[in-house]
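Written below as structure tokens is the structure these notes are about.
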Amino acid sequence: MSVNLSLHPRSVPEPRALLELIQPITWFPPIWAYLCGTVSVGIWPGEKWPLVLLGMVLAGPLVCGMSQAANNWCDRHVDAVNEPDRPIPSGRIPGRWGLYIALLMTVLSLAVGWMLGPWGFGATVFGVLAAWAYSVEPIRLKRSGWWGPGLVALCYEGLPWFTGAAVLSAGAPSFFIVTVALLYAFGAHGIMTLNDFKALEGDRQHGVRSLPVMLGPEVAAKLACTVMAMAQILVITLLVIWGKPIHAGIITALLVAQLFAMRVLLRDPAGKCPWYNGTGVTLYVLGMMVAAFAIRGLEVLP
């Protein structure tokens, strides 16, 4: 007689589901932003290469992975509607294991952040608090289509950039670094808005007021494209003012290519979002590194 093992719920997580829980595909943006921060300082790492590598691990697998675990746990009811095959609603990570994993990774993130010095630790504390504030009740900032994507954009692009610069320079980043990092974080609000399209139906049912829910897919997509373009136009303008016309020209070319991709996106926002994430967003983050090289060595004159 055969036994249907699916009738018996798991007591421990499925190993593959653990990797799905922390979503490695999401680690690239903060790692890339962290590297942009290290480049923008204009200092050769030298003996600090271990700090650079440790910061990459912290920004990606640890803090970003922890935020994904926390979000998956807090979103398990929404995911049961949107994506029932995800690790927690499918039962592959049973009981409260998702919560325990998120808490363990929180502690581990803080411990590693402590090793990066006061600036690295401070940024880690901010990132950890932001991750929980985004997902957990009663705060749950992701319910807002404005605050939620804004917080994620700041933690995915601005905070890692700031951290990479601060860790390598062992001090507060310059005005130029902070300004460019904040502008790219502002533009990333549009990227995060596009990311909300995949959860449109579940967000409607569970009261998550994402911009696609509040404004409709067409208007939300236009707003996202406007925000992304505005941020890059401001960066281009500043680079010209700061005497970096070649770098400004490269970012302009990348923006023009994005505008063509945006035209395709706006024809079918919900259907073309995955495509745009692989094309337009890639061009956006390439511009980040160009800007990082542009501001290397810039100093405020007395």
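Note that Cβ sites are derived from N, Cα and C of the backbone, with glycine treated the same way.
According to Swiss-Prot, the transmembrane segment annotation covers 25-45 (among others). Under 8 Å from some Cβ of the transmembrane segment (25-45) lie the Cβ atoms of residues 51-52, 55-56, 59-61, 63-65, 68, 155-169, 173, 176-177, 180-181, 184, 188, 285, 288-289, 291-293, 295-297, all in the same chain and six or more residues away from its ends.
The transmembrane segment annotation in Swiss-Prot covers 49-69 (among others), and the record cites sequence analysis as its basis. Taking Cβ pairs closer than 8 Å, the transmembrane segment (49-69) reaches residues 21-24, 26-31, 33-35, 38, 98, 101-102, 105-106, 108-109, 112-113, 115-116, 120, 124, 127-128, 131, 134-135, 155-156, 160, 163-164, 167-168 in its own chain, all 6 or more past its ends.
Annotated transmembrane segment per Swiss-Prot: 97-117 (among others), in sequence order, evidence recorded as sequence analysis.
For 119-139 (among others), the entry in Swiss-Prot reads transmembrane segment. Below 8 angstroms of C-beta separation, residues 55, 58, 63, 66-67, 70-71, 73-75, 106, 109-110, 112-113, 148, 151-152, 154-155, 159, 162-163, 166-167, 170-172 of the same chain, each at least six residues beyond the ends of the transmembrane segment (119-139), sit close to that stretch.
Residues annotated as transmembrane segment in Swiss-Prot: 145-165 (among others).
Sequence annotations record features per position, and here Swiss-Prot assigns transmembrane segment to 166-186 (among others).
The transmembrane segment annotation in Swiss-Prot covers 223-243 (among others).
According to Swiss-Prot, the feature transmembrane segment maps to 246-266 (among others), an assignment based on sequence analysis.
According to Swiss-Prot, the feature transmembrane segment maps to 275-295 (among others), an assignment based on sequence analysis.
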